Structures are given as C-alpha cells and as structure tokens.
Amino acid sequence: MASNLSSQSPSWRIWTKSHICVHTYPESHPGCGVCTFRADIDVSTCGVISPLKALNYLIQQLESDIVTVDYLVRGFTRDVHGVKHYIDHEINSIQNFISPEIKSLYQMVDVNVYQENIFHTKMLLKAFDLHDYLFSTRLHTLSEARQLEISKLLCKEMQEICSGRNMP
C-alpha cells in the first residue's frame, strides 16, 4: 500500500508494508564463453510480515544454481508496554525456513553473527543438466570428452562464485 506525499509529485511514495528491489548483473568471460547472470533481490518488510515467508517461493521461481541469502534484523518493534524488541521471533539459521524439498537440491553452509542478528546462508546446486546451460549448441553434437570439459568448467565457475574466491 502506498500513499502520496505530494499531490504534485505522484512519484513520491511511502510503502507501508514492504518492498522488493531487484538488481541485475549479466556478464560473460571474455575467453571461455561462460556467461553468468546475477540478480540481487532485496525484500524488506515491516511489522509482522517476515521476508522469510517468501523465501521458498522466490527460490523455486528463480531456479538458481547459487543462492546467497542474507537476513538481518534492523531496528526494533515496540510492544504495548513501550518495551523495544530487537528481534521478535526465534531464528538460528535461515535453513530452518527452507523446505526439505529445496534443501535436498543444494549444498548449504551458514555464516551467522548471532549477537548482531545477521544470518547468512550460501546454497550451491548439487547437480545440473548440461543441456540447460548450452546456447545455440545441441548436447548430442558434443563429444563425451567435450561435455565433461564443459561440465567441469561450469562446476568450477559455480564453486568460485559461491565461495567468493578464484580457484586454481
């Protein structure tokens, strides 16, 4: 729900419940033909609506090879007695909010800073179908050796992106 701040400027809006922001980063490797597409999706909510409730839906819809989920609690909620609550629900891992079906598809690791209410989960797809990664090339036209070479290249690329470091 949005409300106008000024009747002369309809572009000024206040989102009273939540917002979603998507940043996209397409890129390609200049030498080996690997192309990546990164989308950073920020989901912010206020009050009793938790962005964690949308997590399974977003992961399923985006069909990602690599998922990095950051969940942080900023600010506070004040109860009817005036007491500030800086986190109003139990959480020790983002993985607790991911369905078993989705978890079975990914290798997952948590990096959390509990005292700061910062939770971070990295997810890497366990298996992929090479056919889904080829453009203007049919899988059956590639030799088994070439298919293996491309698969290894893709695995290395995904591991590097997931770990945030280049590998030899």
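For all residues, glycine too, the Cβ spot is worked out from N, Cα and C.
Because the structure is a prediction, the values reported are computed rather than measured.
According to TrEMBL, the feature active site, schiff-base intermediate with substrate maps to Ser18. TrEMBL lists Ser18 with the feature pyruvic acid (Ser). Summarising the annotation, TrEMBL assigns active site, proton acceptor to His23. What TrEMBL records for Cys46 is active site, proton donor.
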Distance, His23 (active site, proton acceptor) to the residue listed as 'active site, proton donor' (CA atoms, angstrom): 21
For the active-site residues His23, Cys46, the one whose C-beta sees the most other C-beta atoms within 10 angstroms: Cys46
